[in-house]
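If you check TrEMBL, you get these features:
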- 156-175: transmembrane segment (TRANSMEM)
- 222-288: domain 'LCCL' (DOMAIN)
- 317-344: transmembrane segment (TRANSMEM)
- 364-389: transmembrane segment (TRANSMEM)
- 401-421: transmembrane segment (TRANSMEM)
- 441-462: transmembrane segment (TRANSMEM)
- 474-496: transmembrane segment (TRANSMEM)
- 516-535: transmembrane segment (TRANSMEM)
Amino acid sequence: MRLASAWVCPWVRLVKFLTVDYRKYQSHTRGIDYKLPSTTFVNTPVASQVSMQNNQGFHNYDGPDDEEAFLDGTTETSRLQIGGFDIDDLSSPKRTLQKWPVLIHLYSLCNSVLDWAKGPNPPKQFFILPWFPSIHQVPQNLIDRYFPTRKGKICLLLLFYLLWVATFSSTYIFWKHSPIIPDYGMTLKQLNCGTSLFYPRNECGVDGEDCKPFHGTFGFRCPPGCVHEINYQPMVVGGPIYRGDSFICAAALHASVITNSEGGCAVASRVGEHTGFLSSTQDNINSVEFNSSFPLSFKFREGSQRPCNGRNLQWDILAISLLFSVILSLFVASPSVFFFSTFITTFVHVGLVSDPPQDGVLPLANLFSILLGRLLPATFCAVVLYYICIKRSLMDLDAHIDTTVLWLGGCWFGALTNYTFEWIPISRLTSHDLEHQPGAKLALALIILVIIFIVFQQAYYFRLEGRLLQQLSLYGSIILVILVALVLPGLNLRIHHYILALILLPGTSMQTRPSLLYQGLLIGLFINGIARWGFDSVLQTTETLRGDGQFNSLLPNILAPTITVGNASNITFSWPSPEIQLGLDGVSVLVNDVERARKYFQDNTSDDNNHFTWTRVLLEPEYFRFAFLADGRTLDYTKAGMWHVDGSWQEMKPGPSK
């Protein structure tokens with residue numbers, strides 16, 4: 001009992017002081033009669049008899065003597081009886097006041113902040129009052145005049161949907177139909193901005209066997225926007241004859257065969273091995289020089305370039321989708337019909353036309369399969385979002401022009417991020433990209449400032465509506481989850497397009513013009529993120545995020561080579577075998593960026609597993625890189641060492657190749 005009393009007593013005194021004594025003190029300093037609820041006191045030998053006079057009601061705590069006794073701490077010690085237990089009240093109010101002054105100010109400050117956060121009483125409800133209401137009502141009046149019944153309006157809406165589907169699908173099929181270039185009689189291959197004939201590192205196998213043929217002609221079609229599609233700089237080596245691992249569409253832009261705004265179609269010819277690739281700058285594309293040989297190269301046929309199907313119909317289809325969505329926004333009064341119709345229309349357009357998976361190089365049936373696989377769960381998310389935040393913004397909204405310009409315009413702006421946000425030099429929010437992409441840090445800082453401004457603006461509106469505390473509790477929980485996710489071992493937090501939209505959308509659940517714009521923009525970001533990339537996990541492993549980046553792995557220790565100069569000059573490299581516990585299987589050797597050998601440490605069929613000899617065929621500099629093999633993967637390659645024409649060897653610089 002004494003142990004429980006010793007533990008509980010300080011907390012009881014603190015609560016008593018914060019809830020009763022301090023307010024009682026404030027009341028008397030202001031001349032207010034404060035009534036204390038009935039409390040049973042049990043006298044101690046030193047207790048005052050007056051403490052027993054309050055068992056039947058309230059004690060009027062008034063008079064100067066009481067106030068002085070309260071402040072001077074001359075009130076006698078008593079025991080507070082709670083639930084049958086006696087707890088010594090060992091501290092006077094003055095002593096508590098002197099002991100916890102910071103708590104008093106903190107308590108007062110918290111009360112003030114909470115009172116402010118609760119907003120005005122009664123709270124204000126925001127509604128958008130349209131400018132020139134009669135103009136906003138013209139489309140609705142036309143519908144009500146010619147289709148007064150509910151059944152007639154439903155039939156008109158279904159007819160509208162059929163008209164959109166027919167127009168969209170016919171134009172899309174005509175655009176996607178593979179044309180034949182008349183002068184060459186060949187079907188075009190749909191390429192994306194990063195397509196190349198020869199794959200990077202050792203993905204083509206030893207001697208490039210997996211990337212053959214090295215000769216032949218092919219027609220191709222490139223999408224628009226390839227200058228901005230590739231991170232940092234497009235891979236283009238040479239010109240007008242390009243190395244085989246150059247991006248075909250970027251090389252076509254460099255050769256002025258296609259345009260960045262429209263894309264285009266042309267014919268390219270593989271010309272096999274070529275030596276000496278020149279550097280140049282054309283059409284904002286910088287090509288890289290390579291002064292050695294490569295087994296595969298290509299060039300473009302003169303006069304083969306031409307617009308695909310007369311012109312790029314991608315913009316025609318966008319105009320169709322925009323026109324139908326604008327008409328729907330102006331003439332439909334139901335917020336649910338407007339939202340879900342716009343959501344599905346925009347999703348289909350992004351997934352098939354403006355930003356399809358893998359840049360649309362997949363067959364049409366595969367694109368439809370991927371689209372439907374992503375549309376169904378995205379629609380379920382849309383239903384949840386509608387009842388959580390969208391409905392509050394669009395319900396009873398008569399300003400249809402405002403809805404069209406702000407909400408619908410923001411939605412399309414966010415859905416077309418591959419065009420509208422292409423000027424922002426941020427592709428991924430990773431430390432590597434922010435360090436290496438020019439202007440990324442400044443752009444991120446500006447974006448953060450804009451978000452902070454919007455957050456304070458929305459918080460102001462939520463306070464006036466009396467919902468600020470609700471939003472703060474929601475986002476406090478979200479921040480807590482994010483902090484937990486950041487410390488999970490082996491996983492990396494990735495805030496994708498759709499995750500960012502899901503986090504921020506509840507903060508737009510009010511009917512103001514800024515909220516309409518923000519909400520539409522976030523819905524567009526959600527659509528683009530899912531239609532283009534799917535439901536990527538918010539927690540991803542380092543292996544998943546690496547892509548074609550570096551492993552930060554061990555590099556082979558290449559010893560000084562043995563060089564023989566003569567009619568058949570050769571160079572021999574050797575390396576010590578690593579320790580078995582490292583789990584390394586062998587070494588891959590690149591010569592002029594083409595894999596020429598794989599040496600396995602445990603391969604008993606050869607006796608030169610730790611050696612590689614290369615015989616020079618052409619009198620030209622040659623470049624060598626080495627990497628360990630482990631678990632069927634090739635780890636980081638060393639930087640290039642160069643064997644000069646005069647037979648001298650230039651050592652590799654430390655560190656892996658980029």
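Here the Cβ of each residue, glycine as well, is placed from N, Cα and C on the backbone.
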Exercise for the section: Sort the residues of the domain 'LCCL' (222-288) into helix, strand and coil with DSSP and give the three counts. Expected result: 11 helix, 24 strand, 32 coil
Fill in the blank from the handout: With the cut-off at Cβ under 8 Å and a gap of six or more residues from its ends, the chain residues touching the transmembrane segment (317-344) are 139-140, 142-143, 157, 160-161, 163-164, 167-168, 171-172, 175, 353-354, 375, 379, 382, 386, 390-391, 394-395, 397, 400-401, 403-404, 407-408, 411-412, 416, 523, 527
Fill in the blank from the handout: Ranked by Cβ pairs within a distance under 8 Å of the transmembrane segment (364-389), the first of 401-421, 441-462, 474-496, 516-535 is 516-535
Fill in the blank from the handout: Top stretch by Cβ pairs under 8 Å to the transmembrane segment (401-421) (candidates 441-462, 474-496, 516-535) is 516-535
Practice task
Restricting attention to the domain 'LCCL' (222-288), give the mean pLDDT.
Solution key: 86
